[in-house]
Amino acid sequence: MNLPSPKLLLSQTVSGQLCVSYCLQRLAHQCLASLYAVVVLLIIPSFSQVQRTPIERGFVHWFGPEQSPPLRSSNEWSSWQSWSPCSRTCGGGAAVRTRQCIKRDPTGPDCPGDTRQYQACNMKDCPSGATDFRHFQCSAYNNKPLMGNFHKWVPFQSGQGDCELSCLAQGQNFYYNFGRVLDGTSCHTEYNGICINGQCLKVGCDFILGSDEKTDVCGVCGGQNVSCQHHHSIYTTKYPASGLFGYNEVTMIPAGATNIKVIDKSNNYLALRNRNYHYVINGNWAISYPGVFNVAGTKIQYKRSADNQESFEAPGPTDEDLHVMVLFTEQNSGIEYEYWLPKDYYINHQRDRSSLQDTIETAFSPTLPPATQKPTTTVHTLIRQTTQKKWPPQARHERGNVELNGIHESKKDDKCGKCRKVKGRQNKIKQYCQKDFVFRGRIISKTIVGKETRYDVEVIITYKNNFPIVRREYMWVPNTCDCPSLLEKREYILMARRHVNYEKTLNRILLETDSFVRLYKPKEHKMLRDLDQECAKYGYQTHPKLNQ
């Protein structure tokens, strides 16, 4: 047996030690590299504020190699499903929709809210002659045995509940409770309520049953009463001195009005006519029964108590102008009315108007002499005039007290000069003869609108009017310089003209810069009484006069 030499063994031993040393050294370098990588991943992000997701940090194994972590862990609702068909075709029914609570955390709280939501639908009234819904449900038990007997059933209000189907046996003195009414049945006592699962749920303005949303006075669902303005006034025109019966216009309520209320506490009769001047309540000398009238796109509640107190109430909005009338039978004690209109309505309404309404009585001072002309009486209005004219049907209407929410006033014009004042009797007579309106008026308020000034005026006495004028009017001045100078709460003699533009879209009373204006004094009243003769004397052409 040949053995290796000692020299060879020594050489192999040294080589093996070197190899082991090299391997250990290489393994140490690899460990240091791995440790360095761990330090970089864990320590450096804390200094640099780099945010990493669990997946970027290598913790994917918790959810699986091909899965992502859930975006949310709390329970939440799914989207609403579509509405079901309405339970009724007319008269107000109910539709339902559902949703599901998606539970991601079995230990978490349930989703807040209801799984079902009900909506009112098909709210229009059923055609006349249609069977009442409760009557229909009671009739379903006709000719069916009840304790061995057969009966015909009609609805009966037992007082047990709004949503109980109580039916009275015809020809008998007892009723029977058949349980709950069908979903979508109107509640017995709750106005605007619908029965669902035996409970009466009030319909919100968003048509959701059980909703607390309400319509504000402007007619906006969930509104804050900021998109409209309030109009309130009292009609104080006295009973005509002649003592004749007849209709007088109280006011014209424009289209778009909401929350309308008219109250009269006298023995006179309120009446109402539409934009076509057709009476819908108490017209043509016939007194209507109190009740609900469908007029101008809304329901008007007409009430009359035993002591003859009357009222009109309507939620609105109206879709056409309405004319409130009064049929005089005694002295007028005052007719109060109010309504709400969208902001700036009157400014736009002025531009849309192009004509004046039928002649309407205005208030008279007791010091005025009686009219020499015998009044002519019509069914609709009392008109005193020497020459009958057919005026266009629409008008500047009587203005009430206006609470504006947002009309922006302009600054006074910097180019205003000294106001010109009409002087001399000759110029006074000239203006009286040439102007369309001469009247004594009280300035209620002043508003700057663009480059014009608008005055709210109470007409006290008319000395001359070539066109009809009502007790409350807007009067416009084509500047913002206070020319002529008019103070609120003061009475003036005013001479103005009718302003109609070429397109006939503007119709208003215009007080020009050089118009005759004087503070009211008794001597001015006496001087104006007989100026018609002066017009003829000086050869001025005048229009036919409407004596009021």
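The first residue you see is number 1, and the count goes up from there.
Cβ atoms are placed via backbone N, Cα and C, with glycine included.
Heads up, TrEMBL stuff is auto-annotated, nobody curated it.
Source: prediction; values computed, not measured.
Database features (TrEMBL):
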| type | residues | note |
| --- | --- | --- |
| DISULFID | CYS86-CYS121 | disulfide bond |
| DISULFID | CYS90-CYS126 | disulfide bond |
| DISULFID | CYS101-CYS111 | disulfide bond |
| DOMAIN | 416-535 | domain 'NTR' |
Taken over the domain 'NTR' (416-535), the model's mean pLDDT:
86
Measuring CA to CA, name the entry from the disulfide-bonded residues CYS101, CYS111, CYS121 that ends up nearest CYS90 (disulfide bond).
CYS121
Please give me the CB contact count at 10 A for CYS126 (disulfide bond), counting all chains in the structure.
15
Select the closest residue to CYS86 (disulfide bond) from the following disulfide-bonded residues, measuring between CA atoms: CYS101, CYS111, CYS126.
CYS126
CYS101 (disulfide bond) - helix vs strand vs coil (DSSP)
strand
Whole-Å Cα distance, CYS121 (disulfide bond) to CYS101 (disulfide bond), is 26
Sort CYS121 (disulfide bond) into helix, strand or coil using the DSSP assignment.
strand
In whole Å, note down how far the CA of CYS101 (disulfide bond) lies from the CA of CYS126 (disulfide bond).
38
Just counting, how many other CB atoms are there within 10 A of the CB of CYS121 (disulfide bond)?
19
